[in-house]
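Colleague: Below are the features listed in TrEMBL for this protein:
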- 21-44: transmembrane segment (TRANSMEM)
- 64-81: transmembrane segment (TRANSMEM)
- 102-122: transmembrane segment (TRANSMEM)
- 128-146: transmembrane segment (TRANSMEM)
- 158-180: transmembrane segment (TRANSMEM)
- 186-207: transmembrane segment (TRANSMEM)
- 214-232: transmembrane segment (TRANSMEM)
- 238-262: transmembrane segment (TRANSMEM)
Amino acid sequence: MSSLAEWNPFQRRSSYSDSEIMQYRIWTAVSFLLSAVTTLAYVLHPLDSSAHPIWWWNKQFRTAFTLNPVIVSVYWLALYVNQASYLSSLWNASANETAIQGAALGSHFIVNNILTFVITLLFSHGHFLSALILQIINLFNLTVLYHRHRNYARWLHWPVVSGPLAWTIIAILWTGAIVAPWSDALILRIMGNVAIWAILLIGLFFLGVYGDYTMGFSLAVLTWALAMGQFWEKIIALQWIFAFVIMGVLFLASFAVAIPIWTGRQVAWLNGAEEQGRIAASQGSEGERRPLIGEQQA
């Protein structure tokens, strides 16, 4: 069993050898470049004539989840910049706790990058159902990552865990609306008006149960992109209003969780272990490298 655990790249471990950390350095960097360069290319100008830019498809298929390309692009730019910071953490001294934490996130991060690369290719070529299936698979990958490794400092947690997870949730709604037949039918318009509230429920769940304001802010920004996309198009009645309401609630709820944590005070509904971890993560530069929440049982 021990040899199987050592072979399994997704197994939670407390230590890594120098050679294992070196492998993570290489493969995380390669997969990151694969994802980032491909995404940039297929947002600006596809590399082959049979594909269209990502945002061209967003404009062609006007649905209840059409997004604002500027806001989403800035979100992803911020995500990639911060992911580069994560990659740099792997090049710290091999025995450093930060390098070990970075390696622990590495396998899921590599899978996310590879799936993002393939999803981008499929989406740009109009293979939306296949892209949707891979987005659902990536949702599972990132959900497992979140529940196994949500106890790391924010500068690791947001770009590797909560940021990609929030985007994947929105992307599934976005792609799913494109895949749905007869998207202009009344029943699908009503379903779009209902489905958008899932974003609020998911955001409040992460805020209420885990006190994870990075997830709350991420979903708020992406809902803002949805609100602006719907506002200019006004494809479905009330959708843009619902999106702005959800965005506002998520921003306010995220600040309600974040401000006490930033100031070292207690968030009333969080349990003691989670609360101590969040306060520690908010205090000073050293605190930034401590867990986002309390250490959990393996």
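Note: Cβ is positioned from N, Cα and C throughout, glycine not excepted.
Because the structure is a prediction, the values reported are computed rather than measured.
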Colleague: Mark yes when the transmembrane segment (128-146) and the transmembrane segment (186-207) have three or more Cβ pairs under 8 Å (sequence separation 6 or more) and no when they do not.
Modeller: no
Colleague: Is it true that the transmembrane segment (64-81) and the transmembrane segment (128-146) have 3 or more Cβ pairs under 8 Å, skipping pairs fewer than 6 apart in sequence?
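Modeller: No, since the transmembrane segment (64-81) and the transmembrane segment (128-146) share fewer than 3 Cβ pairs closer than 8 Å, they do not count as touching.
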Colleague: Considering only Cβ pairs under 8 Å, which range in 21-44, 214-232, 238-262 makes the most contacts with the transmembrane segment (158-180)?
Modeller: 214-232
Colleague: Near the transmembrane segment (238-262), which residues from the same chain, at least 6 beyond its ends, have a CB less than 8 A from one of its CBs?
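Modeller: Non-local partners: 64, 192-193, 196-197, 199-200, 203-204, 207, 211-213, 216-217, 219-220, 223-224, 226-227, 230-231, 278-279, 281-282.
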